[in-house]
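To keep things clear, I will list the structure first and then write my remarks on it.
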Amino acid sequence: MCLMDFFSRLLQSSSPRRTSRRIVPNHTINKRLSDKDHPNHAYKTNRIKTTKYSILTFIPKNLFEQFHRLANIFFILVVILNWIPQVQAFGKEIAMVPVIFVLGVTAVKDIFEDFRRGLSDRQINQKTCRVLRKSEAYVKTPWHAVCVGDLVHLSCNEVIPADILLLRSSDSSGLCHIETSNVDGENNLKQRFCVQVNKEQRKYNPTEFKGTVICDSPNVDIYRFNGFIPLDDGNKIPLSYSNILLRGCVLQNTDFVEGLVIYAGHETKAMLNNRGPRYKRSKLECKINRDIIWCALLLIFLCVFCAAASVIWLNKYDNPELIPFVPYGDSAQYNLGLRALIEFSKYIIIFQAVIPLPLYVSIEIVKLGHVFFINQDLNLYHEGTGKPFECRALNIAEDLGQVDYIFSDKTGTLTENKMVFMCCSIRGTDFPHKPIEENLDIVENARQSFSNMSRTSSVLTESGLEHQLLYMLASQHSSSFGTQRDIPADIQCVHEFFLLLAICNTVVVSNHPHEDKLNDAGFMPASYYDASLNGSQPNSPTFKKSESQKTMSSIIDLQSSSRSREASVAGSEYSFDRIMRYEAESPDELALVRAAKSYGCQLRKRSKDFVKVFLPGQGDVTLKILHVLPFDSCRKRMSVIVEHPISGEIILYSKGADCSILERLNSTYYATEESEAVKILRNTSDHIIQYALQGLRTLCMAKRVIGRAEYETWQQSHNVAQAALENKDELLKNSADDIEKDFELLGATGIEDTLQDGVPDTVATLRKAGIKIWVLTGDKQETAVQVAYSTKLFSTNQEVLYLTCSDTKSTLEHITEYLKQIHCDQSKEVGLIIDGSTLSFALEKSCQECFLKLVVCCNSVVCCRVTPLQKGAVVRVVRDNLKKLTLAVGDGANDVNMIQTADIGIGISGQEGMQAVMSSDFSIARFRFLKRLLLVHGHWCYHRFAHFLSFMFYKNLISTFVLFWFQIFSGYSGSMQLGDIFLMLEHVLFTSLPPLLNGILDKDLSAETLSENPDLYKQGPSGELYTKWSFFGILLDALFQSIALYFIPHLAYLDSNTGIWEFGTTMMVILILIIYLHLGIETYSWTWIQWFLMVINFLFFWCCMIVVHAFCLDCEHPGNPYWVMENTLAKPTHVLIVVITSVIALIPRFLYRVFQWTFWPNDVMSMTKKIKLRNQEMTSEDSLDMTETTPQTGFKRNIRIWTTNTTEPHQVYRRQTSSDHISQTSIFS
């Protein structure tokens, strides 16, 4: 039976995956039903398990994972070869020690991480929530016992245990608020709505829910959920993302909710998105494989050469009986071909060190060290938000020092994303708006003059547009809201403009504490729920309708009370009015709602079915919400359809980008004759351009009155689209396009988004570093250009090319013409501006090659009106075709595509949530931190890692060549002059820690120097420190040092009675010493930790040599190493040979560095020399030597006094010689 189950699961796994699932509420299922027959039995439970190993599977599974690295497989094969008697070169047990050590270190690291995951799993699984059980009461149940189909009751501030379909809420309108920071990182509140199973929410009880839910199969898209509930009459209740509560979210501002578990455990969207740190391979790490191949080829060459030489040497013997070390007892069976194969295998074991065994483990340690010290940098911490630097990809820190192209979003990345309403155009009239802090005088004057103000246009004009706007909102005509009789068109338009600002959004209003009344027995008192439905719970304060004159006063009061209002920031800061709080998903929406509030149109309450606003002259007005058509990047607009409370008209209010609104206006705006509508459109368009030239973000506002018959027809098709499981997004987009047309233009807004601190300096510095910067934005061209100049992306002496075309042919012609201009005059810096439609033409295959030639000539590029898909496409084209290292930085969901496409993705934890951060490799709080991250930490990481790799290959090559030279003088017998133990432990213990520490701590220049001299960064993108020829330079250096290391002791001990162990011991001491001295020559900066570790490591090697040789490990061997180290140290020739050999071996490396620093220094060396020279000059100019005789002792001492203007008698300043900083020392007589 088990075998049948296995094959059935195997066949099931190979079958097409289901696109939907059917869920039956568990409380409706017969309790006697077996688990196998349960309709929900195939779905996962809510228990989570993120660990990879168990006690039984740890060893085989971990070894299997480690054997994915070919180097580990190679060394395991070498160990196996060494167990064959005819091939054995080392002691069997000793040869296993390095491999076991390296595999063990990795295994310990993996099991520690897995243990921590296991503790976290247990804590989460033991959390409790209330689940409906047999007694029809909600019982406290551990999370791991929650199943798909269970009914769950959740209280305010409770974490949601699974993905739950919302069926009931304490709110009478059937909505709740959740905080989703654990899922998408956004800390602003979001609304979710109950499924409309019953029209009368107050009479509905979830325990009576008998319906079946059909929905999507589990998927990773946290912003998509499609499904429906089939009804008996054949209709369907559509389900959407707004009806689901995701695991990990927190219930807020709602007493309680109840819902049905849809996805549990590892099938929840949060768990499906929990992929841990991203794994990428850096550009420098990819070069390791190339050099490993060279090492493998060198190994094969050495083995073939020595095996062939061994056969030739043995073939000189005519009599096989005289051949030494024949592995077979019967010499007649001896075969030279077999002997060559045996010798080849033996030399693979001997020369195995050509391929560095601890290389990969060492690389992981060095990379962790890089990330650790970047995380500790307080200069990357933003105090305003409390957000530090965060690394999500541990393997590409050195890529930060090799960036060629930066692709940046604008809003929220270069700018603060703190929106301030600055001006608006209503019905073709421009109304400037001053921030309330600057507008208090106007408000105070208006308070005194409005009561006596004559209602004539001439007086209004003299009073200023700010007064005029306030008056029009407070006019007595506004009290006729709904009748629309005898209302001047301009006043009606102003009224509806600000009404649109207040209601066409997703801003959440909250204003009272919440408490769950579920008793300990698991039952909810009916009186509580009835009371909440009848509205007895605390609500927001209401304003009663008043006289027009009093209403204007209330407007002024509203403005005055907002003097200390908070900045318009979504999610993190709130706008308070008494106990009212606004929270918005978008800073734009919050700015518009606040602007409407400042003019008296105050958003008071929002639910799924209605929105309540306070209007001047009307008090509280409730509008029924029929539909909300959310914003998307394709439509570039958002709409809300409401029903007029008095006239019953159905009105669609829409706001969006000018290109998405103006093209959908009704025909009167595009008439040939000069009508009022045409003038309004022309004036509004001019105002939009003026706003954009000021660097403001622009939005257009429009409305449409929809006939009831048309609405009902559209509603039916829209419901079908909402209930669709496939292509739902496309169907909803088409449905929205069908109703969003024939608009009446209300006006436009200009919103200021100020630049972040330090952005111009950062952009200018990165450009000096040779990095080409692209800005990809959805804003208008005029806005993008203005920001480009203000951020110093474009300079005044830079020639800017504009590429705006209507088709592919004209795009190609313009690109060709620009290329001719650039080739004629190559002295100028060139910038490029291209819009989204032209960019789509340029990325086509027929244009792509010419377009890439053009952008290579450009120092900076601005792409405006681009979509998220276009952002990702641009990065992909540059990355794949130009073969350059790309970095993308952004802060919003529309930047995720390009962040994931780029070699390095950086998310800015700004105001638009955390989707960009969660998709990134690194996250920072401000764009200006990019300067230090790249120029300082990127440069350091690249410098350290390049030198570390070079040194790792060097020390393995030199020890291999030393063994090779000995074969020439031992008849290619495969014997070795170095002891097994020391040869095996050399790279694992004796020479591993100092280069590791250097790879983490070494600094060629200070952070201040690197920041002030961006030209130094060019060393990374050019790959100067580790080229394709670097390996051969390392090879030649190791070859010469090995020649000196072997032949000098060989000639010194020639014709002496020195044994092989004494000869090998001397050579081993020299080998370790040369490796350390070579590391010292290549070290740029020294710390006491590096000195201490190097000395301790060398002493550790000596102690091991002395201890091992103090024991008689193989006393029967004619040349055993007993007491060799002690006897060798007693001979003066040993010390002399060690010193002379070390000096001669390192002369070429030392001279190469001396000549390089003197005659052909690189940029870093030149800067180091300048700093030292500058310090010497400053010291000689600003200091003087004094001879002071100490009265008590009579001794004389030299004091170097740093000159200063201080008048304090006993204060002396002493300059530090190791840095550019000045330290102050007080000397008291």
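A Cβ is built for glycine as well, from the same backbone N, Cα and C atoms used for every other residue.
Copied from TrEMBL, the annotated features are:
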DOMAIN    37-94  domain 'P-type ATPase N-terminal'
TRANSMEM  70-88  transmembrane segment
TRANSMEM  94-112  transmembrane segment
TRANSMEM  292-314  transmembrane segment
BINDING   ASP409, THR411, ASP891, ASP895  Mg(2+) binding site
BINDING   ASP409, LYS410, THR411, GLU589, PHE631, LYS655, ARG697, THR777, GLY778, ASP779, ARG865, LYS871, ASN894, ASP895  ATP binding site
ACT_SITE  ASP409  active site, 4-aspartylphosphate intermediate
DOMAIN    917-1162  domain 'P-type ATPase C-terminal'
TRANSMEM  945-966  transmembrane segment
TRANSMEM  1029-1048  transmembrane segment
TRANSMEM  1060-1079  transmembrane segment
TRANSMEM  1091-1113  transmembrane segment
TRANSMEM  1134-1152  transmembrane segment
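Where TrEMBL records a feature, it is marked here on the structure.
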residue : record              : DSSP (3 states)
ASP409  : Mg(2+) binding site : coil
PHE631  : ATP binding site    : coil
ARG697  : ATP binding site    : strand
GLY778  : ATP binding site    : coil
ARG865  : ATP binding site    : coil
ASP891  : Mg(2+) binding site : coil
Distance, ASN894 (ATP binding site) to THR411 (Mg(2+) binding site) (CA atoms, angstrom): 11
Spatial neighbour of ASP895 (Mg(2+) binding site) that is closest, considering only the binding-site residues PHE631, ARG697, GLY778, ARG865 and their CA atoms: GLY778
Candidate ranges 70-88, 945-966, 1060-1079, 1134-1152 - greatest C-beta contact count to the transmembrane segment (1091-1113) (under 8 angstroms): 1060-1079
Other parts of the chain folded back onto the transmembrane segment (1060-1079), taken as Cβ under 8 Å at six or more residues beyond its ends: 951, 954-955, 958-959, 962, 976-979, 982, 986, 990-991, 994-995, 998, 1041, 1045-1046, 1049-1050, 1053, 1094, 1097-1098, 1101-1102, 1105, 1109, 1119-1121, 1124-1125, 1127-1128, 1134, 1137-1138, 1141-1142, 1145-1146, 1149
Winner by Cβ pairs under 8 Å against the transmembrane segment (1029-1048), considering only 94-112, 292-314, 945-966: 945-966
Other CB atoms within 10 A, centred on ASP895 (Mg(2+) binding site): 31
Those binding-site residues listed as THR411, ASN894, and which of them has the most Cβ atoms within 10 Å of its own Cβ: THR411
Under 8 Å by Cβ from ARG697 (ATP binding site), same chain, sequence gap 6 or more: THR411, MET419, ASP588, GLY750, ILE751, GLU752, ASP753, ASP779, THR783
Those binding-site residues of PHE631, GLY778, ARG865, ASN894 having Cα within 10 angstroms of ASP409 (Mg(2+) binding site): GLY778, ASN894
Rounded to the nearest Å - Cα separation of GLY778 (ATP binding site) and ASP891 (Mg(2+) binding site): 14
C-beta crowding around ASP409 (Mg(2+) binding site), within 10 angstroms: 29
Distant-in-sequence Cβ neighbours of ARG865 (ATP binding site), under 8 Å, six or more positions away: CYS659, GLY778, ASP779, LYS780, GLN781, ASP835, GLY836, SER837
Under 8 Å by Cβ from PHE631 (ATP binding site), counting only residues of that chain that are 6 or more apart: SER586, ARG637, MET638, GLY656
Site with most surrounding Cβ atoms, counting all protein chains shown within 10 Å, from the binding-site residues GLY778, ASP891: ASP891
Local confidence of the prediction over the domain 'P-type ATPase N-terminal' (37-94), expressed as mean pLDDT: 81
